[in-house]
Amino acid sequence: MNIEKANSPPEETMSKRPPRNKYAIACALLASMTSVLLGYDIAVMSGAQIYIKENLHITDTQIEILAGIINLYSLVGSLAAGRTSDWIGRRYTMVLAAAIFFAGALLMGLAPNYAILMLGRFVAGIGVGYALMIAPVYTAEVSPASSRGCLTSFPEVFINSGILLGYVANVAFSKLPININWRLMLLGGAVPPVFLAAGVLAMPESPRWLVMQGRIDEAQRVLFKTSDTPEEAEERLRDIKSTLGIPDDCTDDNSVAMIKRNSGEGVWKELLLRPTPSVRRILIAAVGLQFFQQASGIDSLVLYSPRIFEKAGLNSNSNSIGATVAVGFCKTAFVLVSVFFVDQIGRRTLLLASSTGMVISFLILGSSLAVIDSNPGKKLTWAGALSITSVLTFTASFASGYGPLAWVYSSEIFPLRLRAQGASIGTAVNRIMSGVVTMTFLSLYKAITLAGSFYLYASIAALGALFIYFFLPETRGRSLEDMEELFGKVAGEKVGEKNGEVTSAFAENRPVNKEDMDGKAELDTSGK
(Lines of atoms letter the chains of each structure in order from A and count residues from 1; the text may use other names and numbers.)
(Lines give C-alpha, C1' and ligand atoms only; values in the text may rest on other atoms or scores of the structure.)
Protein backbone atom coordinates (compact mmCIF):
# COMPACT_ATOMS: atom_id res chain seq x y z
CA MET A 1 0.00 0.00 0.00
CA ASN A 2 1.30 3.44 -0.90
CA ILE A 3 1.27 5.21 2.47
CA GLU A 4 2.46 8.58 1.22
CA LYS A 5 -0.06 8.76 -1.63
CA ALA A 6 -2.92 7.55 0.53
CA ASN A 7 -2.33 10.17 3.18
CA SER A 8 -1.20 13.24 1.28
CA PRO A 9 -2.73 16.39 2.81
CA PRO A 10 -5.64 18.14 1.11
CA GLU A 11 -4.59 20.42 -1.76
CA GLU A 12 -6.15 23.48 -0.16
CA THR A 13 -3.97 22.98 2.92
CA MET A 14 -0.83 23.06 0.79
CA SER A 15 -1.75 25.95 -1.49
CA LYS A 16 -3.44 28.31 0.94
CA ARG A 17 -1.55 28.84 4.18
CA PRO A 18 -2.89 31.49 6.61
CA PRO A 19 -0.56 33.78 8.59
CA ARG A 20 0.79 32.52 11.90
CA ASN A 21 -1.53 32.95 14.89
CA LYS A 22 0.57 35.00 17.33
CA TYR A 23 -1.54 34.09 20.37
CA ALA A 24 -1.16 30.35 19.65
CA ILE A 25 2.58 30.86 19.18
CA ALA A 26 2.83 32.60 22.57
CA CYS A 27 0.93 29.76 24.27
CA ALA A 28 3.15 27.14 22.60
CA LEU A 29 6.31 29.00 23.63
CA LEU A 30 5.28 29.24 27.29
CA ALA A 31 4.20 25.60 27.46
CA SER A 32 7.31 24.33 25.71
CA MET A 33 9.65 26.12 28.09
CA THR A 34 9.01 23.37 30.62
CA SER A 35 11.18 21.15 28.40
CA VAL A 36 14.23 23.24 29.37
CA LEU A 37 14.32 21.17 32.57
CA LEU A 38 15.21 17.91 30.83
CA GLY A 39 17.79 19.47 28.51
CA TYR A 40 19.57 21.27 31.34
CA ASP A 41 19.71 18.16 33.51
CA ILE A 42 21.16 15.93 30.76
CA ALA A 43 23.85 18.41 29.72
CA VAL A 44 24.87 19.65 33.16
CA MET A 45 25.37 16.07 34.35
CA SER A 46 27.84 15.45 31.50
CA GLY A 47 30.24 17.88 33.17
CA ALA A 48 29.18 17.53 36.80
CA GLN A 49 29.80 13.77 36.80
CA ILE A 50 33.54 14.30 36.31
CA TYR A 51 33.79 16.29 39.55
CA ILE A 52 31.18 14.27 41.47
CA LYS A 53 33.26 11.13 40.89
CA GLU A 54 36.37 12.82 42.22
CA ASN A 55 34.71 14.61 45.14
CA LEU A 56 32.51 11.77 46.41
CA HIS A 57 35.02 9.02 45.48
CA ILE A 58 32.55 6.86 43.55
CA THR A 59 33.06 4.38 40.71
CA ASP A 60 32.26 4.51 37.00
CA THR A 61 29.36 2.14 37.61
CA GLN A 62 27.88 4.49 40.21
CA ILE A 63 28.33 7.42 37.81
CA GLU A 64 26.63 5.44 35.04
CA ILE A 65 23.64 4.76 37.30
CA LEU A 66 23.54 8.33 38.62
CA ALA A 67 23.55 9.84 35.12
CA GLY A 68 20.99 7.53 33.54
CA ILE A 69 18.62 6.71 36.41
CA ILE A 70 16.69 9.97 36.07
CA ASN A 71 15.20 8.64 32.84
CA LEU A 72 13.75 5.62 34.65
CA TYR A 73 12.61 7.76 37.56
CA SER A 74 10.80 10.01 35.06
CA LEU A 75 8.55 7.05 34.24
CA VAL A 76 6.65 7.78 37.43
CA GLY A 77 5.96 11.32 36.24
CA SER A 78 5.16 10.49 32.63
CA LEU A 79 2.72 7.70 33.53
CA ALA A 80 1.04 9.80 36.21
CA ALA A 81 0.87 12.89 33.99
CA GLY A 82 -1.85 11.48 31.72
CA ARG A 83 -4.35 10.98 34.53
CA THR A 84 -3.20 14.10 36.38
CA SER A 85 -3.67 16.31 33.31
CA ASP A 86 -7.17 14.92 32.78
CA TRP A 87 -7.93 15.63 36.43
CA ILE A 88 -6.46 19.09 37.13
CA GLY A 89 -5.91 20.28 33.56
CA ARG A 90 -2.92 20.64 31.25
CA ARG A 91 -1.87 24.02 32.61
CA TYR A 92 -1.68 23.13 36.31
CA THR A 93 0.10 19.89 35.42
CA MET A 94 2.90 22.03 33.95
CA VAL A 95 3.06 24.08 37.15
CA LEU A 96 3.29 20.86 39.15
CA ALA A 97 6.16 19.65 36.91
CA ALA A 98 8.12 22.85 37.54
CA ALA A 99 7.60 22.66 41.31
CA ILE A 100 8.74 19.04 41.53
CA PHE A 101 11.86 19.68 39.45
CA PHE A 102 12.69 22.71 41.62
CA ALA A 103 12.67 20.52 44.73
CA GLY A 104 14.81 17.89 42.99
CA ALA A 105 17.43 20.42 41.88
CA LEU A 106 17.76 21.71 45.44
CA LEU A 107 18.21 18.19 46.80
CA MET A 108 20.89 17.36 44.23
CA GLY A 109 22.85 20.58 44.67
CA LEU A 110 22.87 20.36 48.47
CA ALA A 111 23.39 16.58 48.71
CA PRO A 112 26.02 15.62 51.33
CA ASN A 113 26.49 12.11 49.91
CA TYR A 114 25.66 9.75 47.04
CA ALA A 115 22.41 8.50 48.61
CA ILE A 116 20.88 11.99 48.91
CA LEU A 117 22.10 12.78 45.40
CA MET A 118 20.15 9.76 44.15
CA LEU A 119 17.08 10.93 46.07
CA GLY A 120 17.35 14.29 44.32
CA ARG A 121 17.58 12.50 40.98
CA PHE A 122 14.38 10.62 41.82
CA VAL A 123 12.43 13.79 42.63
CA ALA A 124 13.79 15.67 39.61
CA GLY A 125 12.99 12.67 37.41
CA ILE A 126 9.31 12.82 38.32
CA GLY A 127 9.25 16.49 37.33
CA VAL A 128 10.99 15.71 34.03
CA GLY A 129 8.43 12.97 33.27
CA TYR A 130 5.53 15.34 33.84
CA ALA A 131 7.10 18.09 31.70
CA LEU A 132 8.01 15.77 28.81
CA MET A 133 4.51 14.38 28.47
CA ILE A 134 2.39 17.48 29.00
CA ALA A 135 4.21 20.15 26.94
CA PRO A 136 3.67 18.56 23.47
CA VAL A 137 0.11 17.47 24.34
CA TYR A 138 -0.91 20.99 25.37
CA THR A 139 0.81 22.55 22.37
CA ALA A 140 -0.87 20.14 19.93
CA GLU A 141 -4.29 20.81 21.46
CA VAL A 142 -4.00 24.60 21.36
CA SER A 143 -2.43 24.88 17.87
CA PRO A 144 -4.31 25.42 14.59
CA ALA A 145 -3.74 22.67 12.02
CA SER A 146 -1.85 25.03 9.67
CA SER A 147 1.03 25.46 12.12
CA ARG A 148 0.67 22.52 14.51
CA GLY A 149 3.88 20.83 13.32
CA CYS A 150 5.90 24.00 13.81
CA LEU A 151 4.46 24.80 17.22
CA THR A 152 4.66 21.23 18.50
CA SER A 153 8.38 21.29 17.64
CA PHE A 154 8.91 23.97 20.29
CA PRO A 155 9.41 21.51 23.21
CA GLU A 156 12.46 20.08 21.42
CA VAL A 157 13.73 23.61 20.77
CA PHE A 158 13.70 24.23 24.51
CA ILE A 159 15.19 20.83 25.34
CA ASN A 160 18.11 21.86 23.13
CA SER A 161 18.20 25.31 24.71
CA GLY A 162 18.38 23.61 28.10
CA ILE A 163 21.23 21.41 26.84
CA LEU A 164 23.13 24.50 25.73
CA LEU A 165 22.52 26.20 29.10
CA GLY A 166 23.76 23.08 30.89
CA TYR A 167 26.97 23.00 28.84
CA VAL A 168 27.54 26.72 29.46
CA ALA A 169 27.02 26.18 33.21
CA ASN A 170 29.61 23.40 33.12
CA VAL A 171 32.17 25.70 31.52
CA ALA A 172 31.30 28.62 33.83
CA PHE A 173 31.75 26.63 37.07
CA SER A 174 34.43 24.11 36.03
CA LYS A 175 37.34 26.22 37.36
CA LEU A 176 35.94 26.36 40.91
CA PRO A 177 37.02 23.89 43.66
CA ILE A 178 35.56 20.41 43.10
CA ASN A 179 33.53 20.48 46.32
CA ILE A 180 31.65 23.53 45.01
CA ASN A 181 31.58 23.48 41.20
CA TRP A 182 29.32 20.46 40.61
CA ARG A 183 26.91 21.69 43.30
CA LEU A 184 26.49 25.04 41.56
CA MET A 185 26.02 23.26 38.24
CA LEU A 186 23.13 21.24 39.67
CA LEU A 187 21.65 24.11 41.71
CA GLY A 188 21.40 26.10 38.49
CA GLY A 189 18.52 23.79 37.57
CA ALA A 190 16.41 25.35 40.33
CA VAL A 191 16.29 28.73 38.57
CA PRO A 192 14.21 28.00 35.41
CA PRO A 193 11.23 26.35 37.22
CA VAL A 194 10.50 29.54 39.17
CA PHE A 195 9.99 31.57 35.99
CA LEU A 196 8.29 28.72 34.16
CA ALA A 197 5.60 28.27 36.80
CA ALA A 198 4.80 31.99 36.72
CA GLY A 199 4.68 32.07 32.91
CA VAL A 200 2.44 29.02 32.60
CA LEU A 201 -0.20 30.62 34.83
CA ALA A 202 -0.62 33.34 32.20
CA MET A 203 -1.68 30.77 29.56
CA PRO A 204 -5.25 29.65 28.82
CA GLU A 205 -6.29 26.07 29.49
CA SER A 206 -6.42 23.58 26.61
CA PRO A 207 -9.74 23.98 24.75
CA ARG A 208 -10.05 20.21 24.39
CA TRP A 209 -9.68 19.70 28.13
CA LEU A 210 -12.26 22.43 28.76
CA VAL A 211 -14.77 20.64 26.53
CA MET A 212 -14.04 17.39 28.37
CA GLN A 213 -15.06 19.19 31.55
CA GLY A 214 -18.23 20.60 30.00
CA ARG A 215 -16.86 24.19 29.97
CA ILE A 216 -17.96 24.88 26.39
CA ASP A 217 -18.07 28.68 26.58
CA GLU A 218 -14.49 28.89 27.88
CA ALA A 219 -13.30 26.44 25.24
CA GLN A 220 -14.96 28.50 22.53
CA ARG A 221 -13.21 31.68 23.69
CA VAL A 222 -9.82 29.95 23.65
CA LEU A 223 -10.48 28.46 20.20
CA PHE A 224 -11.36 31.86 18.74
CA LYS A 225 -8.04 33.20 20.02
CA THR A 226 -5.92 30.26 18.85
CA SER A 227 -7.54 29.53 15.46
CA ASP A 228 -6.63 31.16 12.17
CA THR A 229 -10.23 32.10 11.36
CA PRO A 230 -13.59 32.19 13.19
CA GLU A 231 -14.81 29.45 10.86
CA GLU A 232 -11.90 27.24 11.87
CA ALA A 233 -12.66 27.87 15.55
CA GLU A 234 -16.26 26.74 15.05
CA GLU A 235 -15.12 23.69 13.09
CA ARG A 236 -12.56 22.73 15.75
CA LEU A 237 -15.23 23.00 18.45
CA ARG A 238 -17.64 20.81 16.45
CA ASP A 239 -14.91 18.22 15.88
CA ILE A 240 -13.97 18.11 19.57
CA LYS A 241 -17.60 17.71 20.65
CA SER A 242 -18.17 15.04 18.02
CA THR A 243 -15.12 13.10 19.21
CA LEU A 244 -16.50 13.14 22.76
CA GLY A 245 -20.02 12.16 21.71
CA ILE A 246 -21.52 15.54 22.57
CA PRO A 247 -24.41 16.76 20.36
CA ASP A 248 -23.38 19.75 18.25
CA ASP A 249 -26.36 21.85 19.37
CA CYS A 250 -25.75 21.21 23.07
CA THR A 251 -24.07 24.26 24.63
CA ASP A 252 -25.28 24.32 28.24
CA ASP A 253 -22.26 23.55 30.38
CA ASN A 254 -24.09 21.54 33.02
CA SER A 255 -25.93 19.43 30.44
CA VAL A 256 -22.74 18.72 28.53
CA ALA A 257 -20.95 17.74 31.73
CA MET A 258 -23.70 15.22 32.41
CA ILE A 259 -23.52 13.82 28.86
CA LYS A 260 -19.79 13.33 28.75
CA ARG A 261 -17.17 13.99 31.41
CA ASN A 262 -14.05 12.24 30.18
CA SER A 263 -11.52 11.87 32.96
CA GLY A 264 -9.77 8.79 31.66
CA GLU A 265 -12.18 6.00 32.59
CA GLY A 266 -11.89 3.03 30.25
CA VAL A 267 -9.00 4.58 28.36
CA TRP A 268 -6.39 2.00 29.32
CA LYS A 269 -8.70 -0.83 28.28
CA GLU A 270 -9.33 0.78 24.90
CA LEU A 271 -5.63 1.49 24.40
CA LEU A 272 -4.10 -1.79 25.53
CA LEU A 273 -6.72 -4.53 25.85
CA ARG A 274 -9.32 -3.92 23.16
CA PRO A 275 -7.96 -1.41 20.65
CA THR A 276 -9.54 -1.01 17.22
CA PRO A 277 -7.14 -1.64 14.30
CA SER A 278 -6.61 2.11 13.84
CA VAL A 279 -5.91 2.71 17.55
CA ARG A 280 -3.53 -0.27 17.60
CA ARG A 281 -1.65 1.16 14.64
CA ILE A 282 -1.52 4.61 16.27
CA LEU A 283 -0.11 3.10 19.47
CA ILE A 284 2.54 1.10 17.57
CA ALA A 285 3.50 4.21 15.58
CA ALA A 286 3.93 6.36 18.70
CA VAL A 287 5.75 3.70 20.72
CA GLY A 288 7.99 2.70 17.80
CA LEU A 289 9.00 6.26 17.02
CA GLN A 290 9.84 7.02 20.65
CA PHE A 291 11.76 3.74 20.95
CA PHE A 292 13.99 4.39 17.94
CA GLN A 293 14.53 8.05 18.89
CA GLN A 294 16.33 7.02 22.08
CA ALA A 295 17.69 3.59 21.09
CA SER A 296 19.80 5.29 18.40
CA GLY A 297 22.01 6.70 21.17
CA ILE A 298 21.46 10.46 21.28
CA ASP A 299 21.50 10.71 25.07
CA SER A 300 24.73 8.73 25.29
CA LEU A 301 26.30 11.18 22.86
CA VAL A 302 25.09 14.21 24.82
CA LEU A 303 25.81 12.80 28.28
CA TYR A 304 29.21 11.28 27.56
CA SER A 305 30.48 13.63 24.84
CA PRO A 306 33.43 14.77 27.03
CA ARG A 307 34.72 11.17 26.99
CA ILE A 308 34.29 10.95 23.22
CA PHE A 309 36.18 14.21 22.76
CA GLU A 310 38.89 13.00 25.11
CA LYS A 311 39.27 9.88 22.93
CA ALA A 312 39.50 12.16 19.89
CA GLY A 313 42.46 14.01 21.40
CA LEU A 314 41.04 16.70 23.70
CA ASN A 315 42.77 15.43 26.81
CA SER A 316 42.04 18.01 29.53
CA ASN A 317 38.69 18.21 31.34
CA SER A 318 38.28 21.89 30.53
CA ASN A 319 38.94 21.36 26.80
CA SER A 320 36.54 18.42 26.47
CA ILE A 321 33.84 20.21 28.48
CA GLY A 322 34.38 23.36 26.41
CA ALA A 323 33.94 21.37 23.19
CA THR A 324 30.53 20.18 24.35
CA VAL A 325 29.27 23.76 24.03
CA ALA A 326 29.65 23.32 20.26
CA VAL A 327 27.32 20.29 20.50
CA GLY A 328 24.80 22.44 22.37
CA PHE A 329 24.95 25.23 19.80
CA CYS A 330 24.63 22.74 16.94
CA LYS A 331 21.64 21.01 18.52
CA THR A 332 19.87 24.30 19.25
CA ALA A 333 20.53 25.78 15.80
CA PHE A 334 19.49 22.79 13.70
CA VAL A 335 16.23 22.13 15.53
CA LEU A 336 15.03 25.32 13.83
CA VAL A 337 15.14 23.42 10.51
CA SER A 338 12.28 21.31 11.79
CA VAL A 339 10.41 24.28 13.23
CA PHE A 340 10.42 26.19 9.94
CA PHE A 341 9.93 23.33 7.47
CA VAL A 342 7.80 20.65 9.15
CA ASP A 343 4.53 22.20 7.98
CA GLN A 344 5.91 22.80 4.48
CA ILE A 345 7.55 19.48 3.55
CA GLY A 346 5.94 17.12 6.04
CA ARG A 347 6.86 14.81 8.92
CA ARG A 348 7.87 11.73 6.91
CA THR A 349 10.37 13.52 4.67
CA LEU A 350 12.14 15.21 7.57
CA LEU A 351 12.20 12.01 9.63
CA LEU A 352 13.67 9.97 6.78
CA ALA A 353 16.32 12.61 5.98
CA SER A 354 17.18 12.89 9.67
CA SER A 355 17.58 9.15 10.24
CA THR A 356 19.72 8.79 7.11
CA GLY A 357 22.08 11.50 8.34
CA MET A 358 22.26 9.85 11.77
CA VAL A 359 23.25 6.47 10.27
CA ILE A 360 25.98 7.98 8.08
CA SER A 361 27.37 10.12 10.93
CA PHE A 362 27.64 7.21 13.37
CA LEU A 363 29.27 4.98 10.75
CA ILE A 364 31.91 7.68 10.19
CA LEU A 365 32.33 8.23 13.95
CA GLY A 366 32.75 4.52 14.59
CA SER A 367 35.28 4.19 11.77
CA SER A 368 37.39 7.16 12.90
CA LEU A 369 37.41 5.92 16.51
CA ALA A 370 38.40 2.44 15.27
CA VAL A 371 41.39 3.97 13.47
CA ILE A 372 42.41 5.80 16.67
CA ASP A 373 42.10 2.57 18.68
CA SER A 374 44.21 0.64 16.18
CA ASN A 375 47.04 3.18 16.42
CA PRO A 376 47.68 3.59 20.18
CA GLY A 377 50.19 6.25 21.10
CA LYS A 378 49.98 7.99 17.73
CA LYS A 379 48.43 11.42 17.39
CA LEU A 380 46.06 11.13 14.42
CA THR A 381 44.82 14.69 14.05
CA TRP A 382 42.68 13.91 11.00
CA ALA A 383 40.91 11.02 12.76
CA GLY A 384 40.27 13.15 15.84
CA ALA A 385 38.90 16.00 13.72
CA LEU A 386 36.70 13.55 11.79
CA SER A 387 35.36 12.13 15.07
CA ILE A 388 34.43 15.57 16.38
CA THR A 389 32.88 16.55 13.03
CA SER A 390 30.77 13.39 12.89
CA VAL A 391 29.52 14.05 16.45
CA LEU A 392 28.33 17.47 15.25
CA THR A 393 26.76 16.11 12.04
CA PHE A 394 24.90 13.43 14.02
CA THR A 395 23.67 16.10 16.42
CA ALA A 396 22.53 18.28 13.51
CA SER A 397 20.76 15.37 11.80
CA PHE A 398 18.97 14.34 14.98
CA ALA A 399 17.96 17.89 15.92
CA SER A 400 16.55 18.69 12.46
CA GLY A 401 14.15 15.74 12.42
CA TYR A 402 14.05 12.82 14.83
CA GLY A 403 14.45 14.94 17.96
CA PRO A 404 11.42 17.22 17.65
CA LEU A 405 9.27 15.15 15.30
CA ALA A 406 9.01 12.09 17.55
CA TRP A 407 7.16 14.37 19.99
CA VAL A 408 5.22 16.21 17.29
CA TYR A 409 3.98 12.99 15.69
CA SER A 410 3.14 11.04 18.84
CA SER A 411 1.29 13.97 20.44
CA GLU A 412 -0.96 14.60 17.42
CA ILE A 413 -2.03 11.10 16.30
CA PHE A 414 -4.01 9.85 19.32
CA PRO A 415 -7.79 10.48 19.43
CA LEU A 416 -8.79 13.07 22.04
CA ARG A 417 -10.28 10.51 24.42
CA LEU A 418 -6.96 8.61 24.43
CA ARG A 419 -4.47 11.43 23.92
CA ALA A 420 -3.19 12.10 27.44
CA GLN A 421 -2.74 8.43 28.35
CA GLY A 422 -1.46 7.51 24.86
CA ALA A 423 1.13 10.26 24.96
CA SER A 424 2.18 9.15 28.45
CA ILE A 425 2.84 5.63 27.13
CA GLY A 426 5.04 7.06 24.37
CA THR A 427 6.89 9.23 26.89
CA ALA A 428 7.38 6.21 29.18
CA VAL A 429 8.94 4.20 26.34
CA ASN A 430 11.17 7.16 25.49
CA ARG A 431 12.39 7.46 29.08
CA ILE A 432 12.91 3.69 29.50
CA MET A 433 15.09 3.56 26.41
CA SER A 434 16.99 6.68 27.41
CA GLY A 435 17.65 5.15 30.82
CA VAL A 436 18.76 1.83 29.35
CA VAL A 437 21.06 3.51 26.83
CA THR A 438 22.70 5.95 29.25
CA MET A 439 23.03 3.46 32.09
CA THR A 440 24.75 0.89 29.88
CA PHE A 441 26.97 3.08 27.68
CA LEU A 442 30.13 2.91 29.79
CA SER A 443 29.79 -0.85 30.21
CA LEU A 444 28.94 -1.24 26.51
CA TYR A 445 31.99 0.55 25.20
CA LYS A 446 34.26 -1.30 27.62
CA ALA A 447 32.84 -4.56 26.26
CA ILE A 448 32.76 -3.84 22.49
CA THR A 449 34.91 -0.66 22.27
CA LEU A 450 33.74 2.89 21.66
CA ALA A 451 33.75 2.33 17.90
CA GLY A 452 31.65 -0.84 18.26
CA SER A 453 29.09 1.06 20.34
CA PHE A 454 28.50 3.58 17.60
CA TYR A 455 28.31 0.90 14.92
CA LEU A 456 25.55 -0.68 17.03
CA TYR A 457 23.71 2.65 17.34
CA ALA A 458 24.02 3.17 13.57
CA SER A 459 22.35 -0.18 12.88
CA ILE A 460 19.48 0.68 15.24
CA ALA A 461 19.03 4.05 13.52
CA ALA A 462 18.87 2.22 10.16
CA LEU A 463 16.08 0.00 11.48
CA GLY A 464 14.31 3.15 12.64
CA ALA A 465 14.47 4.58 9.13
CA LEU A 466 12.82 1.42 7.75
CA PHE A 467 10.10 1.67 10.42
CA ILE A 468 9.36 5.25 9.38
CA TYR A 469 9.28 4.44 5.68
CA PHE A 470 6.95 1.46 5.90
CA PHE A 471 4.77 2.33 8.89
CA LEU A 472 4.19 6.07 9.38
CA PRO A 473 1.62 7.92 7.23
CA GLU A 474 1.98 11.66 6.63
CA THR A 475 -0.07 13.81 9.05
CA ARG A 476 0.70 17.26 7.65
CA GLY A 477 -2.41 19.38 7.20
CA ARG A 478 -4.74 16.98 9.03
CA SER A 479 -6.84 18.04 12.00
CA LEU A 480 -6.31 16.23 15.30
CA GLU A 481 -9.83 14.83 15.09
CA ASP A 482 -9.03 13.33 11.66
CA MET A 483 -6.13 11.16 12.85
CA GLU A 484 -8.08 8.04 13.80
CA GLU A 485 -9.71 8.00 10.38
CA LEU A 486 -6.32 8.57 8.73
CA PHE A 487 -4.75 5.58 10.47
CA GLY A 488 -7.90 3.58 9.78
CA LYS A 489 -7.37 4.16 6.06
CA VAL A 490 -3.82 2.87 6.26
CA ALA A 491 -5.01 -0.16 8.25
CA GLY A 492 -7.92 -0.80 5.86
CA GLU A 493 -10.64 0.32 8.30
CA LYS A 494 -13.87 2.01 7.46
CA VAL A 495 -15.30 4.15 10.26
CA GLY A 496 -19.07 4.49 10.26
CA GLU A 497 -20.18 8.09 10.56
CA LYS A 498 -23.47 7.60 12.35
CA ASN A 499 -22.61 5.51 15.35
CA GLY A 500 -18.82 5.10 15.28
CA GLU A 501 -19.15 1.47 14.23
CA VAL A 502 -15.97 0.01 12.75
CA THR A 503 -15.86 -2.49 9.93
CA SER A 504 -12.86 -3.77 8.02
CA ALA A 505 -12.61 -4.12 4.26
CA PHE A 506 -9.83 -6.60 4.85
CA ALA A 507 -12.08 -8.76 7.02
CA GLU A 508 -14.59 -8.83 4.15
CA ASN A 509 -11.84 -10.27 1.92
CA ARG A 510 -11.96 -7.48 -0.66
CA PRO A 511 -9.65 -4.61 -1.60
CA VAL A 512 -10.13 -1.21 -0.01
CA ASN A 513 -12.07 0.98 -2.42
CA LYS A 514 -12.76 4.69 -2.74
CA GLU A 515 -16.08 4.40 -0.92
CA ASP A 516 -14.20 3.11 2.14
CA MET A 517 -12.11 6.26 2.09
CA ASP A 518 -15.22 8.50 2.00
CA GLY A 519 -13.80 10.21 -1.07
CA LYS A 520 -11.11 12.03 0.91
CA ALA A 521 -7.99 10.33 -0.35
CA GLU A 522 -6.87 8.03 -3.10
CA LEU A 523 -5.50 4.63 -2.27
CA ASP A 524 -3.32 2.31 -4.27
CA THR A 525 -5.31 -0.89 -3.88
CA SER A 526 -3.07 -3.04 -5.99
CA GLY A 527 -1.32 -4.35 -2.91
CA LYS A 528 1.96 -2.67 -3.78
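Using the three backbone atoms N, Cα and C, a Cβ is placed for every residue, glycine included.
Unlike curated entries, TrEMBL annotations are predicted automatically.
Quantities reported herein were computed from a predicted structural model and do not represent experimental measurements.
TrEMBL lists 23-43 (among others) with the feature transmembrane segment.
Residues or ranges marked as domain 'Major facilitator superfamily (MFS) profile' in TrEMBL: 27-476.
If you look up TrEMBL, you'll see 94-112 (among others) marked as transmembrane segment.
Annotated transmembrane segment per TrEMBL: 118-138 (among others), in sequence order.
Non-local neighbours of the transmembrane segment (150-168) in the same chain are 24-25, 28-29, 31-47, 132, 135-136, 139-140, 142-143, 185, 188, 192, 302, 321, 324-325, 327-329, 331-332, 335-336, 338-340, 342-343, 399, 403-405, 407-408, 411-412; each lies 6+ residues outside the stretch with a CB under 8 Å from one of its CB atoms. For 150-168 (among others), the entry in TrEMBL reads transmembrane segment.
The annotation transmembrane segment is assigned in TrEMBL to 180-203 (among others).
Remote same-chain partners of the transmembrane segment (323-342), defined as residues 6 or more beyond its termini with a Cβ less than 8 Å from a stretch Cβ, comprise 43, 46-47, 149-150, 153-154, 156-157, 160-161, 163-168, 170-171, 301-302, 305-306, 309, 314, 350, 388, 391-392, 395-401, 403-405, 408, 476. Residues or ranges marked as transmembrane segment by TrEMBL: 323-342 (among others).
Packing against the transmembrane segment (349-372) from elsewhere in the chain are residues 292, 296-297, 308, 311-312, 337-338, 341-342, 380, 383-384, 386-387, 390-391, 393-394, 396-398, 400-403, 405, 409, 449-455, 457-458, 461-462, 464-465, 468-469, 472: each is 6 or more residues past its ends and has a CB under 8 Å from a CB in it. Marked as transmembrane segment by TrEMBL: 349-372 (among others).
Marked as transmembrane segment by TrEMBL: 384-407 (among others).
Positions annotated as transmembrane segment by TrEMBL: 428-448 (among others). Using a Cβ-Cβ cut-off under 8 Å and counting only residues 6 or more beyond its ends in the same chain, the transmembrane segment (428-448) has close neighbours at 60-61, 63-65, 67-72, 74-75, 78-79, 128-129, 132, 287, 290-291, 293-295, 297, 299-300, 303-304, 406, 456.
Sequence annotations record features per position, and here TrEMBL assigns transmembrane segment to 454-472 (among others).
According to TrEMBL, the region 'Disordered' annotation covers 505-528.
Annotation comment: TrEMBL describes 511-528 as compositional bias 'Basic and acidic residues'.
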Contact yes or no, the transmembrane segment (118-138) and the transmembrane segment (454-472), 3+ Cβ pairs under 8 Å, gap 6+:
no
Within the predicted model, mean pLDDT of the domain 'Major facilitator superfamily (MFS) profile' (27-476):
86
